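Single-structure report; data block below.
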């Protein structure tokens, strides 16, 4: 009763959807999916009909979103680089992060926010670079206007962030809008907070025209800030995320602790406390911290005491090539020697229990 090989590939997306944890944003897997737009749209597991429809109609936008996935996951990993959970991704899992996001935790709140922000950023940038058929520069930024420095003319290419937000809302929120449960409402709230974060750092840039740079005339445009600003802002929101519970009629949230203020549209919200991420735990989706590099002199989250959860650490001596004895040569170059540097690297010990290395 061996199935033909072609039949196995035909059913593989369905099997992945059935066997994998139910995480709403399976579109994250678009990072790893290549080929034609039809192959991509039909073989990313878990997309709802509205998402597939948008995917088929806008293959150029989907390419931009797919490229953006790598960017926002890298930003997530940068923000969590010194923490026990370091936003690690699983290449073989269509949810990208595995079971860790099944919990309605602070980490889930951050990932949904940064991913939604990443879609806005990727689409808006692609619009300005002329890569999309459906949008270009912001058409509303025309003619003259005023600011606190006087009159200026709109020129150049203003980032069309309203289009990016509109498409991101339609595509990213599509699955959550089909459900009325608490997790769907949590995801929608954090998705919106992520989109708003990108727009928060839209800035006006100007170029002066006139004799000797006198700036008698100014041409201005709106541009998104580097995505790092959005990541830093959402990290602060993660640190101050508000724990909530559903209200009695199931239409919104109320704070879990009455001493805290009601969350705004810019805040991140979560329902469940996070696991400690110390040990590998299949159910929690935690990979643990065994083998993670720690900082012996730090007192923060990256310290060996905190990162290793009190288990201790191993120290190894390694060498690396660095630039040294750099000298400035007129004009205008800096020349350096290549030197070998020896340093100690500290890594967290594994738990003593025999089952810590069980695969997740």
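Positions of Cβ are set from backbone N, Cα and C atoms, glycine also.
Annotated features, as they stand in Swiss-Prot:
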SIGNAL    1-25  signal peptide
DISULFID  76-87  disulfide bond
DISULFID  127-135  disulfide bond
DISULFID  137-157  disulfide bond
DISULFID  206-220  disulfide bond
DISULFID  208-215  disulfide bond
LIPID     212  O-palmitoleoyl serine
DISULFID  278-309  disulfide bond
DISULFID  294-304  disulfide bond
CARBOHYD  295  N-linked glycosylation site
DISULFID  308-348  disulfide bond
DISULFID  324-339  disulfide bond
DISULFID  326-336  disulfide bond
DISULFID  331-332  disulfide bond
Which state, by DSSP, holds residue 324 (disulfide bond): helix, strand or coil? strand
Among all the protein chains here, how many other CB atoms are within 10 A of the CB of residue 157 (disulfide bond)? 16
Within 10 angstroms of the C-beta of residue 215 (disulfide bond), what count of other C-beta atoms is obtained when all protein chains are considered? 15
For residue 278 (disulfide bond), which of the listed recorded positions (294, 295, 336) have their CA atom within 10 A of its CA? none
Would you list, in sequence order, the disulfide-bonded residues among 127, 137, 206, 308, 348 whose CA lies within 10 Å of the CA of residue 294 (disulfide bond)? 308, 348
I need the nearest neighbour of residue 208 (disulfide bond) among the disulfide-bonded residues 220, 326, 336, using C-alpha distances. 220
Looking only at C-alpha atoms, tell me how far residue 324 (disulfide bond) is from residue 332 (disulfide bond), rounded to the nearest Å. 18
Nearest of the disulfide-bonded residues (76, 87, 135, 339) to residue 332 (disulfide bond), judged by Cα-Cα distance: 339
Mind telling me which of the disulfide-bonded residues 76, 135, 206, 309, 324 has the densest Cβ neighbourhood, counting other Cβ atoms within 10 Å? 76
Reduced DSSP assignment, residue 220 (disulfide bond): strand
Hey, what's the Cβ neighbour count for residue 208 (disulfide bond) at 10 Å? 12
These are the recorded positions: 212, 295. Which one scores highest on other Cβ atoms within 10 Å? 295
When you put residue 127 (disulfide bond) at the centre and draw a 10 Å sphere around its Cα, which of the recorded positions 87, 137, 212, 220, 339 have their Cα inside it? 137
Using Cα coordinates, what distance in whole Å links residue 331 (disulfide bond) and residue 339 (disulfide bond)? 24
